[in-house]
Ligand SMILES: *Cc1c(COP(=O)(O)O)cnc(C)c1O
(Lines of atoms letter the chains of each structure in order from A and count residues from 1; the text may use other names and numbers.)
(Lines give C-alpha, C1' and ligand atoms only; values in the text may rest on other atoms or scores of the structure.)
Protein backbone atom coordinates (compact mmCIF):
# COMPACT_ATOMS: atom_id res chain seq x y z
CA UNK A 1 0.00 0.00 0.00
CA UNK A 2 1.71 3.14 -1.23
CA UNK A 3 -1.23 5.48 -0.70
CA UNK A 4 -1.14 7.77 2.33
CA UNK A 5 -3.70 6.63 4.87
CA UNK A 6 -5.56 9.94 4.86
CA UNK A 7 -5.72 10.30 1.10
CA UNK A 8 -9.29 9.07 1.09
CA UNK A 9 -9.84 9.53 -2.64
CA UNK A 10 -6.81 7.50 -3.71
CA UNK A 11 -7.53 4.88 -1.08
CA UNK A 12 -11.08 4.44 -2.28
CA UNK A 13 -10.15 4.46 -5.96
CA UNK A 14 -7.42 1.87 -5.46
CA UNK A 15 -9.36 -0.52 -3.20
CA UNK A 16 -12.87 -0.37 -4.63
CA UNK A 17 -14.05 -3.08 -7.04
CA UNK A 18 -13.85 -0.53 -9.84
CA UNK A 19 -17.43 -0.89 -11.04
CA UNK A 20 -18.44 2.70 -10.29
CA UNK A 21 -17.69 5.83 -12.26
CA UNK A 22 -16.49 7.77 -9.27
CA UNK A 23 -16.33 11.54 -9.24
CA UNK A 24 -13.08 12.98 -7.93
CA UNK A 25 -14.40 14.36 -4.64
CA UNK A 26 -14.71 13.02 -1.11
CA UNK A 27 -18.06 13.77 0.52
CA UNK A 28 -18.01 13.94 4.31
CA UNK A 29 -21.19 15.55 5.66
CA UNK A 30 -24.79 16.44 4.83
CA UNK A 31 -27.57 18.59 6.20
CA UNK A 32 -30.97 19.00 4.57
CA UNK A 33 -30.39 19.46 0.83
CA UNK A 34 -26.71 20.37 1.28
CA UNK A 35 -23.58 18.22 1.37
CA UNK A 36 -19.94 19.13 2.00
CA UNK A 37 -16.73 17.65 0.63
CA UNK A 38 -13.52 17.15 2.62
CA UNK A 39 -12.27 20.61 1.62
CA UNK A 40 -15.35 22.27 3.09
CA UNK A 41 -16.95 23.03 -0.28
CA UNK A 42 -20.75 23.16 0.01
CA UNK A 43 -23.00 21.63 -2.66
CA UNK A 44 -26.73 21.65 -3.32
CA UNK A 45 -27.59 17.98 -3.57
CA UNK A 46 -30.03 17.09 -6.35
CA UNK A 47 -28.75 13.50 -6.38
CA UNK A 48 -30.33 12.91 -2.99
CA UNK A 49 -28.72 9.50 -2.59
CA UNK A 50 -30.46 8.42 -5.86
CA UNK A 51 -33.80 9.29 -4.29
CA UNK A 52 -33.11 8.02 -0.77
CA UNK A 53 -32.69 11.33 1.09
CA UNK A 54 -36.34 12.47 0.85
CA UNK A 55 -36.47 13.67 4.48
CA UNK A 56 -33.14 15.49 4.10
CA UNK A 57 -29.62 14.59 5.16
CA UNK A 58 -29.10 14.48 8.92
CA UNK A 59 -32.85 14.52 9.61
CA UNK A 60 -33.03 15.10 13.40
CA UNK A 61 -35.91 12.64 13.94
CA UNK A 62 -34.18 9.84 12.04
CA UNK A 63 -30.84 10.53 13.74
CA UNK A 64 -32.42 10.38 17.19
CA UNK A 65 -34.32 7.18 16.38
CA UNK A 66 -31.16 5.49 15.06
CA UNK A 67 -29.09 6.58 18.07
CA UNK A 68 -31.68 5.33 20.57
CA UNK A 69 -32.29 2.05 18.78
CA UNK A 70 -28.58 1.36 18.21
CA UNK A 71 -28.05 1.53 21.96
CA UNK A 72 -31.07 -0.70 22.61
CA UNK A 73 -31.13 -3.53 20.02
CA UNK A 74 -29.81 -3.59 16.44
CA UNK A 75 -30.42 -7.11 15.19
CA UNK A 76 -33.19 -9.61 15.82
CA UNK A 77 -34.06 -12.19 13.16
CA UNK A 78 -37.63 -12.25 11.93
CA UNK A 79 -38.49 -15.52 13.64
CA UNK A 80 -38.27 -13.50 16.87
CA UNK A 81 -40.88 -10.71 16.92
CA UNK A 82 -39.69 -7.23 17.86
CA UNK A 83 -41.51 -4.13 19.13
CA UNK A 84 -39.97 -1.75 16.54
CA UNK A 85 -40.75 -4.11 13.69
CA UNK A 86 -44.39 -4.33 14.70
CA UNK A 87 -44.54 -0.54 15.01
CA UNK A 88 -42.95 -0.09 11.58
CA UNK A 89 -45.31 -2.58 9.91
CA UNK A 90 -48.24 -0.59 11.29
CA UNK A 91 -46.78 2.78 10.14
CA UNK A 92 -46.06 1.43 6.67
CA UNK A 93 -49.39 -0.27 6.04
CA UNK A 94 -51.21 2.82 7.38
CA UNK A 95 -49.86 4.93 4.51
CA UNK A 96 -50.69 2.30 1.85
CA UNK A 97 -54.12 1.31 0.46
CA UNK A 98 -55.85 -1.08 2.87
CA UNK A 99 -55.65 -4.00 0.38
CA UNK A 100 -51.84 -3.92 0.67
CA UNK A 101 -51.64 -5.30 4.15
CA UNK A 102 -48.91 -7.96 4.23
CA UNK A 103 -45.22 -7.05 4.23
CA UNK A 104 -42.02 -8.91 3.36
CA UNK A 105 -39.08 -6.92 4.74
CA UNK A 106 -35.61 -6.87 3.19
CA UNK A 107 -32.70 -4.48 2.70
CA UNK A 108 -32.71 -3.00 -0.80
CA UNK A 109 -34.73 -2.41 -3.91
CA UNK A 110 -33.35 -5.31 -5.87
CA UNK A 111 -34.16 -7.66 -2.99
CA UNK A 112 -37.72 -6.37 -2.96
CA UNK A 113 -37.96 -7.23 -6.69
CA UNK A 114 -36.58 -10.73 -6.08
CA UNK A 115 -39.22 -11.25 -3.41
CA UNK A 116 -41.94 -9.89 -5.70
CA UNK A 117 -41.04 -12.46 -8.36
CA UNK A 118 -41.09 -15.37 -5.94
CA UNK A 119 -44.40 -14.30 -4.36
CA UNK A 120 -45.90 -13.82 -7.84
CA UNK A 121 -44.90 -17.34 -8.87
CA UNK A 122 -46.44 -19.00 -5.84
CA UNK A 123 -49.53 -16.74 -5.90
CA UNK A 124 -50.32 -17.82 -9.46
CA UNK A 125 -49.84 -21.51 -8.89
CA UNK A 126 -46.41 -21.74 -10.48
CA UNK A 127 -46.58 -19.41 -13.47
CA UNK A 128 -43.07 -18.21 -14.32
CA UNK A 129 -43.40 -15.65 -17.11
CA UNK A 130 -43.11 -11.92 -16.40
CA UNK A 131 -44.00 -8.85 -18.40
CA UNK A 132 -41.74 -5.86 -17.89
CA UNK A 133 -41.39 -2.51 -19.63
CA UNK A 134 -38.97 -1.23 -22.24
CA UNK A 135 -36.79 1.43 -20.57
CA UNK A 136 -37.74 -0.10 -17.20
CA UNK A 137 -35.29 -0.55 -14.34
CA UNK A 138 -35.78 -3.16 -11.62
CA UNK A 139 -32.33 -3.68 -10.10
CA UNK A 140 -29.07 -5.52 -10.65
CA UNK A 141 -29.22 -8.94 -8.98
CA UNK A 142 -29.80 -11.72 -11.50
CA UNK A 143 -33.55 -12.06 -10.94
CA UNK A 144 -34.27 -8.34 -10.93
CA UNK A 145 -31.81 -7.83 -13.78
CA UNK A 146 -33.95 -10.09 -15.95
CA UNK A 147 -36.73 -7.47 -15.63
CA UNK A 148 -34.37 -4.55 -16.36
CA UNK A 149 -34.59 -3.49 -19.96
CA UNK A 150 -31.23 -1.86 -20.74
CA UNK A 151 -29.39 -4.60 -22.68
CA UNK A 152 -25.91 -3.40 -21.67
CA UNK A 153 -26.74 -4.24 -18.02
CA UNK A 154 -27.82 -7.79 -18.95
CA UNK A 155 -25.62 -8.86 -21.84
CA UNK A 156 -22.30 -9.39 -19.98
CA UNK A 157 -23.96 -12.15 -17.95
CA UNK A 158 -25.40 -14.17 -20.80
CA UNK A 159 -27.88 -16.90 -20.04
CA UNK A 160 -27.32 -16.56 -16.28
CA UNK A 161 -29.86 -13.74 -16.57
CA UNK A 162 -33.17 -15.49 -16.93
CA UNK A 163 -34.67 -12.99 -19.34
CA UNK A 164 -36.06 -15.76 -21.55
CA UNK A 165 -38.99 -15.69 -19.10
CA UNK A 166 -39.53 -11.95 -19.62
CA UNK A 167 -41.47 -10.12 -22.32
CA UNK A 168 -40.65 -6.43 -22.64
CA UNK A 169 -43.46 -4.20 -23.89
CA UNK A 170 -43.45 -0.54 -24.84
CA UNK A 171 -44.31 1.55 -21.76
CA UNK A 172 -47.74 2.97 -22.54
CA UNK A 173 -48.78 0.57 -25.31
CA UNK A 174 -51.96 -1.26 -24.24
CA UNK A 175 -52.10 -3.49 -27.31
CA UNK A 176 -48.56 -4.78 -26.79
CA UNK A 177 -49.38 -5.42 -23.15
CA UNK A 178 -52.54 -7.33 -24.06
CA UNK A 179 -50.62 -9.49 -26.53
CA UNK A 180 -47.88 -10.21 -23.99
CA UNK A 181 -50.34 -11.33 -21.31
CA UNK A 182 -50.39 -15.04 -22.09
CA UNK A 183 -51.79 -17.60 -19.65
CA UNK A 184 -48.37 -18.34 -18.16
CA UNK A 185 -47.71 -14.75 -16.99
CA UNK A 186 -47.30 -14.49 -13.23
CA UNK A 187 -47.04 -10.70 -13.10
CA UNK A 188 -46.80 -7.44 -14.98
CA UNK A 189 -44.19 -5.20 -13.38
CA UNK A 190 -43.91 -1.49 -14.02
CA UNK A 191 -42.71 1.79 -12.53
CA UNK A 192 -45.45 4.46 -12.23
CA UNK A 193 -42.77 6.92 -13.37
CA UNK A 194 -39.75 5.42 -15.10
CA UNK A 195 -36.65 6.75 -13.36
CA UNK A 196 -33.47 5.31 -14.86
CA UNK A 197 -35.23 5.13 -18.22
CA UNK A 198 -35.23 8.93 -18.49
CA UNK A 199 -37.82 10.24 -15.97
CA UNK A 200 -40.99 9.30 -17.88
CA UNK A 201 -44.29 9.65 -16.03
CA UNK A 202 -46.68 6.81 -16.77
CA UNK A 203 -49.87 7.24 -18.73
CA UNK A 204 -52.99 6.82 -16.52
CA UNK A 205 -54.96 4.97 -19.21
CA UNK A 206 -52.09 2.49 -19.63
CA UNK A 207 -51.62 1.81 -15.93
CA UNK A 208 -55.38 1.42 -15.46
CA UNK A 209 -55.49 -0.95 -18.44
CA UNK A 210 -52.64 -2.94 -16.88
CA UNK A 211 -54.81 -3.28 -13.75
CA UNK A 212 -57.82 -4.51 -15.73
CA UNK A 213 -55.91 -6.85 -18.04
CA UNK A 214 -53.92 -8.54 -15.25
CA UNK A 215 -57.15 -9.13 -13.33
CA UNK A 216 -58.78 -10.71 -16.41
CA UNK A 217 -55.79 -12.96 -17.00
CA UNK A 218 -55.19 -14.05 -13.42
CA UNK A 219 -51.78 -12.37 -13.31
CA UNK A 220 -50.58 -9.94 -10.64
CA UNK A 221 -49.96 -6.26 -11.19
CA UNK A 222 -46.81 -5.26 -9.32
CA UNK A 223 -45.84 -1.61 -9.14
CA UNK A 224 -42.19 -0.77 -8.58
CA UNK A 225 -42.37 2.29 -6.31
CA UNK A 226 -38.78 1.96 -5.13
CA UNK A 227 -37.96 5.42 -6.50
CA UNK A 228 -41.44 6.98 -6.73
CA UNK A 229 -42.62 6.07 -3.22
CA UNK A 230 -42.50 8.07 0.01
CA UNK A 231 -43.78 11.42 -1.27
CA UNK A 232 -41.32 11.85 -4.15
CA UNK A 233 -43.93 12.42 -6.88
CA UNK A 234 -46.42 14.59 -4.95
CA UNK A 235 -48.46 11.77 -3.41
CA UNK A 236 -47.30 9.39 -0.70
CA UNK A 237 -47.17 6.78 -3.48
CA UNK A 238 -47.30 7.44 -7.21
CA UNK A 239 -50.10 4.87 -7.64
CA UNK A 240 -52.42 7.51 -6.13
CA UNK A 241 -51.97 9.67 -9.26
CA UNK A 242 -53.51 6.88 -11.31
CA UNK A 243 -56.17 5.56 -8.94
CA UNK A 244 -54.74 2.05 -9.20
CA UNK A 245 -54.18 -0.44 -6.38
CA UNK A 246 -51.80 -3.23 -7.43
CA UNK A 247 -51.54 -6.75 -5.99
CA UNK A 248 -48.07 -5.89 -4.73
CA UNK A 249 -45.69 -2.97 -4.53
CA UNK A 250 -41.91 -2.93 -4.17
CA UNK A 251 -40.42 -0.28 -1.88
CA UNK A 252 -36.94 0.71 -0.71
CA UNK A 253 -34.85 3.88 -1.17
CA UNK A 254 -36.43 6.61 1.03
CA UNK A 255 -38.38 4.31 3.33
CA UNK A 256 -36.02 4.54 6.32
CA UNK A 257 -34.58 8.03 5.87
CA UNK A 258 -31.22 6.76 4.59
CA UNK A 259 -30.78 3.44 6.41
CA UNK A 260 -30.79 0.44 4.02
CA UNK A 261 -34.23 -1.15 3.77
CA UNK A 262 -36.57 -2.77 1.27
CA UNK A 263 -40.04 -4.27 1.25
CA UNK A 264 -42.55 -6.11 -0.88
CA UNK A 265 -46.05 -5.24 0.30
CA UNK A 266 -48.88 -7.39 -1.02
CA UNK A 267 -52.47 -8.47 -0.54
CA UNK A 268 -53.39 -11.27 1.85
CA UNK A 269 -54.25 -13.49 -1.14
CA UNK A 270 -50.70 -13.17 -2.48
CA UNK A 271 -48.99 -13.60 0.90
CA UNK A 272 -50.99 -16.66 1.89
CA UNK A 273 -49.87 -18.73 -1.08
CA UNK A 274 -46.13 -18.61 -0.27
CA UNK A 275 -45.20 -21.70 1.75
CA UNK A 276 -43.57 -21.19 5.14
CA UNK A 277 -39.81 -21.01 4.62
CA UNK A 278 -40.29 -20.16 0.92
CA UNK A 279 -38.25 -17.00 1.27
CA UNK A 280 -36.19 -15.20 3.91
CA UNK A 281 -33.35 -12.85 4.81
CA UNK A 282 -31.04 -12.30 7.79
CA UNK A 283 -30.95 -8.51 7.97
CA UNK A 284 -34.51 -7.84 6.79
CA UNK A 285 -36.70 -6.21 9.43
CA UNK A 286 -33.75 -5.44 11.71
CA UNK A 287 -34.73 -3.13 14.58
CA UNK A 288 -32.28 -0.40 13.53
CA UNK A 289 -33.85 0.02 10.08
CA UNK A 290 -37.31 -0.34 11.60
CA UNK A 291 -36.70 2.52 14.04
CA UNK A 292 -35.36 4.71 11.24
CA UNK A 293 -38.37 3.81 9.11
CA UNK A 294 -40.87 4.70 11.82
CA UNK A 295 -39.18 8.09 12.28
CA UNK A 296 -38.97 8.77 8.53
CA UNK A 297 -42.63 7.92 7.81
CA UNK A 298 -43.85 9.94 10.81
CA UNK A 299 -41.78 12.89 9.62
CA UNK A 300 -43.29 12.61 6.13
CA UNK A 301 -46.82 12.57 7.56
CA UNK A 302 -46.25 15.39 10.02
CA UNK A 303 -44.61 17.66 7.43
CA UNK A 304 -47.09 16.59 4.71
CA UNK A 305 -44.02 15.98 2.58
CA UNK A 306 -46.05 14.88 -0.47
CA UNK A 307 -47.65 18.33 -0.62
CA UNK A 308 -44.22 19.92 -0.44
CA UNK A 309 -42.98 17.68 -3.26
CA UNK A 310 -46.01 18.57 -5.40
CA UNK A 311 -45.70 22.34 -4.88
CA UNK A 312 -41.90 22.49 -5.14
CA UNK A 313 -41.92 20.16 -8.14
CA UNK A 314 -44.39 22.38 -10.01
CA UNK A 315 -42.32 25.45 -9.13
CA UNK A 316 -39.05 23.76 -10.17
CA UNK A 317 -40.42 22.52 -13.49
CA UNK A 318 -42.05 25.86 -14.28
CA UNK A 319 -38.71 27.61 -13.76
CA UNK A 320 -36.87 25.00 -15.84
CA UNK A 321 -39.42 25.42 -18.64
CA UNK A 322 -38.85 29.18 -18.57
CA UNK A 323 -35.16 28.73 -19.44
CA UNK A 324 -34.63 29.95 -22.97
CA UNK A 325 -32.14 27.50 -24.40
CA UNK A 326 -32.22 25.77 -27.75
CA UNK A 327 -30.38 22.86 -26.07
CA UNK A 328 -33.48 21.74 -24.13
CA UNK A 329 -35.78 19.26 -25.81
CA UNK A 330 -38.19 18.63 -22.92
CA UNK A 331 -38.69 19.20 -19.19
CA UNK A 332 -40.76 16.41 -17.62
CA UNK A 333 -41.46 14.78 -14.29
CA UNK A 334 -43.86 14.37 -11.43
CA UNK A 335 -43.36 16.13 -8.11
CA UNK A 336 -39.66 16.36 -7.31
CA UNK A 337 -38.71 13.59 -9.74
CA UNK A 338 -37.60 15.77 -12.64
CA UNK A 339 -35.70 15.20 -15.88
CA UNK A 340 -34.51 17.65 -18.50
CA UNK A 341 -33.89 16.00 -21.84
CA UNK A 342 -31.28 17.83 -23.88
CA UNK A 343 -30.69 17.64 -27.61
CA UNK A 344 -27.14 16.51 -26.86
CA UNK A 345 -25.28 14.41 -24.29
CA UNK A 346 -26.04 15.58 -20.76
CA UNK A 347 -22.70 14.44 -19.26
CA UNK A 348 -20.71 17.69 -19.79
CA UNK A 349 -23.52 19.74 -18.24
CA UNK A 350 -23.73 17.46 -15.21
CA UNK A 351 -19.97 17.68 -14.77
CA UNK A 352 -19.96 21.48 -15.16
CA UNK A 353 -22.80 21.79 -12.64
CA UNK A 354 -20.69 19.92 -10.10
CA UNK A 355 -17.31 21.51 -10.86
CA UNK A 356 -18.31 25.11 -11.53
CA UNK A 357 -21.61 25.54 -9.69
CA UNK A 358 -21.41 23.07 -6.76
CA UNK A 359 -24.74 21.53 -7.79
CA UNK A 360 -24.99 17.74 -7.82
CA UNK A 361 -27.32 16.17 -10.41
CA UNK A 362 -27.45 12.76 -12.03
CA UNK A 363 -27.86 11.29 -15.44
CA UNK A 364 -30.81 9.19 -16.65
CA UNK A 365 -30.03 7.90 -20.15
CA UNK A 366 -27.27 9.80 -21.98
CA UNK A 367 -29.42 12.85 -22.83
CA UNK A 368 -31.24 13.52 -19.55
CA UNK A 369 -30.16 15.60 -16.54
CA UNK A 370 -32.10 14.26 -13.54
CA UNK A 371 -32.97 16.14 -10.34
CA UNK A 372 -33.89 14.09 -7.22
CA UNK A 373 -33.33 16.58 -4.36
CA UNK A 374 -34.39 15.98 -0.77
CA UNK A 375 -38.08 16.95 -0.59
CA UNK A 376 -37.17 19.41 2.16
CA UNK A 377 -35.15 21.52 -0.31
CA UNK A 378 -35.87 25.27 0.00
CA UNK A 379 -37.35 27.40 -2.79
CA UNK A 380 -34.21 29.51 -2.56
CA UNK A 381 -32.08 26.47 -3.35
CA UNK A 382 -34.35 25.55 -6.26
CA UNK A 383 -33.81 29.09 -7.62
CA UNK A 384 -30.05 28.65 -7.25
CA UNK A 385 -30.09 25.29 -9.03
CA UNK A 386 -32.11 26.66 -11.95
CA UNK A 387 -29.86 29.73 -12.26
CA UNK A 388 -26.78 27.47 -12.22
CA UNK A 389 -28.30 25.19 -14.86
CA UNK A 390 -29.12 28.19 -17.04
CA UNK A 391 -25.52 29.46 -16.81
CA UNK A 392 -24.12 26.04 -17.61
CA UNK A 393 -26.41 25.60 -20.60
CA UNK A 394 -25.24 28.94 -21.92
CA UNK A 395 -21.56 28.48 -21.20
CA UNK A 396 -20.69 24.85 -21.87
CA UNK A 397 -19.91 24.06 -25.45
CA UNK A 398 -19.75 20.30 -25.75
CA UNK A 399 -17.08 20.59 -28.43
CA UNK A 400 -14.80 22.56 -26.11
CA UNK A 401 -14.98 20.60 -22.89
CA UNK A 402 -11.76 19.86 -21.05
CA UNK A 403 -10.10 16.47 -21.31
CA UNK A 404 -11.12 15.74 -17.72
CA UNK A 405 -14.73 16.53 -18.47
CA UNK A 406 -14.70 14.32 -21.53
CA UNK A 407 -13.33 11.50 -19.41
CA UNK A 408 -16.02 11.96 -16.76
CA UNK A 409 -18.72 12.23 -19.38
CA UNK A 410 -17.70 8.91 -20.88
CA UNK A 411 -17.82 7.44 -17.39
CA UNK A 412 -21.25 8.78 -16.48
CA UNK A 413 -22.71 7.17 -19.56
C1 LIG B 1 -33.12 1.99 -7.38
C2 LIG B 1 -34.16 1.18 -8.02
C3 LIG B 1 -34.15 -0.22 -7.95
C4 LIG B 1 -33.04 -0.99 -7.30
O5 LIG B 1 -32.88 -0.66 -5.94
P6 LIG B 1 -31.48 -1.00 -5.21
O7 LIG B 1 -31.74 -0.62 -3.77
O8 LIG B 1 -30.44 -0.18 -5.87
O9 LIG B 1 -31.24 -2.45 -5.37
C10 LIG B 1 -35.19 -0.91 -8.55
N11 LIG B 1 -36.19 -0.26 -9.16
C12 LIG B 1 -36.24 1.08 -9.24
C13 LIG B 1 -37.38 1.75 -9.94
C14 LIG B 1 -35.21 1.84 -8.70
O15 LIG B 1 -35.24 3.17 -8.83
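The backbone N, Cα and C atoms fix where each Cβ goes, glycine too.
When 137, 157, 168, 316 are compared with the pyridoxal 5'-phosphate site residues 109, 110, 224, 225, 226, 227, 282 in TrEMBL, the one appearing in that site is 137. Across the residues the record lists as binding pyridoxal 5'-phosphate (109, 110, 137, 224, 225, 226, 227, 282), the two Cα atoms farthest apart are 25 Å from each other.
Less than 6 Å separates the Cβ from ligand 1 in the case of 110, 226, drawn from the binding-site residues 110, 225, 226, 281, 282 in sequence order.
Proximity of residue 227 (pyridoxal 5'-phosphate binding site) to non-local residues of its own chain (separation of 6 or more, Cβ distance below 8 Å) is seen for 50, 51, 109, 191, 193, 195, 253, 337, 372, given in sequence order. Around the Cβ of residue 281 (substrate binding site), a 10 Å sphere holds 17 further Cβ atoms from the protein chains shown. In this structure, the CA atom of residue 224 (pyridoxal 5'-phosphate binding site) is 14 Å away from the CA atom of residue 140 (substrate binding site).
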